[in-house]
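Residues or ranges marked as region 'Disordered' by TrEMBL: 55-77. Per TrEMBL, domain 'Peptidase S49' is recorded for 182-334, 433-583. TrEMBL lists LYS250 with the feature active site, proton donor/acceptor. What TrEMBL lists as active site, nucleophile is SER449.
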Amino acid sequence: MSNLLLQPTPPLTHSFTTFSSASTLQSPLRFSLSLLSRPLPLSLSPLRAFDSSSDAKTQRELKEDGDDENRSVGIADEDYPSGEFDFEPITGWRSFLVKLKMLVAFPWERVRKGSVLTMKLRGQISDQVKSRFSPGLSLPQICENFLKAAYDPRISGIYLHIESLNCGWGKVEEIRRHILNFKKSGKFVLAYIPLCQEKEYYLACACEEIYAPPGAYFSLFGLTVQASFLRGILDNIGIEPQVERIGKYKSAGDQLARRTISEENCEMLTALLDNIYTNWLDKISSAKGKTKEDIEKFINEGVYQVDKLKEEGLISNIIYDDEINAMLKERLGVKSDKDLPMVDYRKYSRVRKWTVGISGGNDHIAIIRASGSISRVESQLSVSSSGIIAEKFIEKIRTVRESKKFKAAIIRIDSPGGDALASDLMWREIRLLAASKPVVASMSDVAASGGYYMAMGADAIVAESLTLTGSIGVVTGKFNLGKLYEKIGFSKEIISRGRYAELLAAEQRPFRPDEAELFAKSAQHAYKQFRDKAALSRSMTVEKMEEVAQGRVWTGNDAASRGLVDAIGGLSRAIAIAKMKANIPQVKQVTLVEISRPSPSLPELLLGIGSSLVGADRTVKELLQCLTFSDGVQARMDGIMFQALEDYPFGNPILSIIKDYLSSL
């Protein structure tokens, strides 16, 4: 049973400050249970991360940008080009050239005629382009494989193995769109689903045929939302969280300060869940030619038998993988004693689009990817592919801005946020880039808090219908560890100068009244800076922005109806909008340039080998990265993630670490 899980996650210091509301697994709420760690050298000045010494100048620039003809705010979704895929077969002279290119292609690009492309879609799916040495799946390469296979005369069809997916609905929607686009080529695409829940079935329903083995695990039981709270645990061990929340939907601090869900948080999560559930029913009923009521009635019956799904027409047949191979041999005219020609995802990813006749044009559009947690500088535990490092991202932005060959740029965001100062610095660079050429933000699973902050700098924002976005709000606080210190026999004395010098340093006592007042005022100021800059960026009044801010997370559809997002769609639509803004005809091909495609580094190679040897999950690597963070405010969503109910006890590594740690005290 799929879940919308509110997940708390800890760091290594005793204080925390976040701009947040909801997220995926890569979006930890940063707080700590480290007892003897060095206090953060953190004053309240970082709370002005959304302010600057030239605030008046910034507001003036934003107002001027709001009048720019390239600004997207106020343009209706239907007025943008759709970016819909139109398949045009390669014929005549172009077909001859393709065959010639295949003859001179590199050995690793050779594919047997009549081959079936096989892709195993399971586990983590990254939004980043991966090197050949990197483990796991890459959304850009999955989508590119579908595109190449549609035009490749050597590919007869696609055979998808779909199992438990550990990604958000935004990526699932993007893959589903490419399956539907591939079908326009007239080639077959079928799915094999030995383990299937709502997300996997949603993807499989885009295929022409769905097969499952007799012992397949099907659990189409509906969606749930869960919220986890640590206040009881903290009270038991003598830790008092002192939380200041700004915005009635701000829920990140609730995980620490409350024992039960608030009415506002329940309202927000229920709305998100209803959107996802309604979309699922709509797409499944349409794909299977049934009514929404029929599908809902079926899942409410609690059916788990595979044969029942076949009876209801929800799958094509019940057969094993080897029987599917035999069926494909017969379909493709391959003799039974011969092997079915197949090419897998990883090998086919090496085939260049040029080889199959998909050529770009003379106009170049840069794609700059921003995935993961946001940090200002690279930490000691970072690897080249982990998170968004602001200083490196800014280098990429400046490279595109200074280059004359790029007509436009797309910022592809898959981030729950992170360091607020880093978000602000990147926002500024994106604004400067947008002043020289069109910039479009394309949202993946999540682009909220710091992720949404980055998107605000673009000329237009495109999101998937179920992208999690918004989260314009702030929560800040610290831990009072006095009772815990008393229990374990630890004591601490502080000598200070300055009335508020001990504000964050004195974790052995609660705030004094004057400190609490200053803390609250600082948080309120930080929220206003965030909200006001969002209002100016989206050409809204502050009052209008306040209605959609207050820490609330929206799906892409709801965000679009409220002016936070301009258009609904994937990367292809973002490209179409970029072409429109750059005055490039929609029928004209463009060359997409991935800025700083990854090269295999030694740490990355070792991490890949380590994953194979000890089964280390990417989640653990992300956790290690999140447990070390730079000083300052966090513009981050709290822990909402989607996962299966059966995996819940094992799917929350952060909570497990907390429990293990506390049990050792």
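Glycine too: its Cβ is placed from the backbone N, Cα and C atoms.
A 10 Å cutoff on Cβ-Cβ distances gives SER449 (active site, nucleophile) a total of 37 other Cβ atoms nearby, all chains included. Cα separation, the residue listed as 'active site, proton donor/acceptor' to the residue listed as 'active site, nucleophile', rounded: 11 Å. Note on the residue listed as 'active site, proton donor/acceptor': other Cβ atoms within 10 Å of its Cβ, all shown chains, come to 31. Model confidence over the domain 'Peptidase S49' (182-334) is summarised by a mean pLDDT of 90.
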